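For reference, the structure is listed below as structure tokens.
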Amino acid sequence: MNLNSIPAFDDNYIWVLNDEAGRCLIVDPGDAEPVLNAITANNWQPEAIFLTHHHHDHVGGVKELVEKFPQIVVYGPQETQDKGTTQVVKDGETAFVLGHEFSVIATPGHTLGHICYFSKPYLFCGDTLFSGGCGRLFEGTASQMYQSLNKLSALPDDTLVCCAHEYTLSNMKFALSILPHDLSINDYYRKVKELRAKNQITLPVILKNERQINVFLRTEDIDLINVINEETLLQQPEERFAWLRSKKDRF
């Protein structure tokens, strides 16, 4: 399968997987126009859409795409039923698309019904995990997001993390504000800064590398614990995650 990213709006990415026959899977099409342009340019035949959550910048293009290609099956969580979903899926279930099984993983936090899709090596994680960061807590709690990130972090090392937004540079600036002397974070920040200066995409990222540079996945890391302890004593990694998320919200 081939992985493609389609830029949308200011910083969204719509991911498309296609096979050798030209059949394709579209993930979180917030805008139909760039997707339709890519379909025409590549002569793709859309087979399915995956929705991770109900926010408009992830579902806004569904109606137009389905009108154009009525054979499309739209998979999504319960919260997307009124956004065009035709096949509701939940945690532990699978979606069989393009000859591959995609596992559905419940990841509440950004929204209560947020889900991710995984078929090795591809992880479509919507607004749960970003490179260097994680989604804001619009509906869920810090505890829920912490558990959700733990689920994703436990996936295989070679997982390709396909995030839905180009937030990497700002996330790495935040990471540097927390751990300014961390070698991995500094190296990755320089790499990301160079890519963005050329207007190049920073995604997807390899999960093994992401665990090293994403402070939200390092809540049991002694360097991070020492930084937090300078301000407040927090015993549980879940509490340290909440501290980080609160800091990021104000960054």
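Glycine is no exception: its Cβ is also placed from the backbone N, Cα and C atoms.
Summarising the annotation, Swiss-Prot assigns Zn(2+) 1 binding site to HIS53, HIS55, HIS110, ASP127 and lists sequence analysis as the type of evidence. If you take the C-beta of HIS110 (Zn(2+) 1 binding site) and look for same-chain residues 6 or more apart in sequence within under 8 angstroms, you find HIS53, GLY126, ASP127, THR128, GLY135, ARG136, LEU137, PHE138, GLU139, GLY140, MET145.
Residue environment of ASP57 (Zn(2+) 2 binding site) contains 19 other Cβ atoms, counted within 10 Å of its Cβ in all protein chains. When secondary structure is read from DSSP and collapsed to three states, ASP57 (Zn(2+) 2 binding site) falls in the helix class. Among the features that Swiss-Prot reports, Zn(2+) 2 binding site is placed at ASP57, HIS58, ASP127, HIS165.
Classification of HIS165 (Zn(2+) 2 binding site) by DSSP places it within a strand. The binding-site residues HIS55, HIS165 differ in how many other CB atoms lie within 10 Å of their CB, and the one with the most is HIS55.
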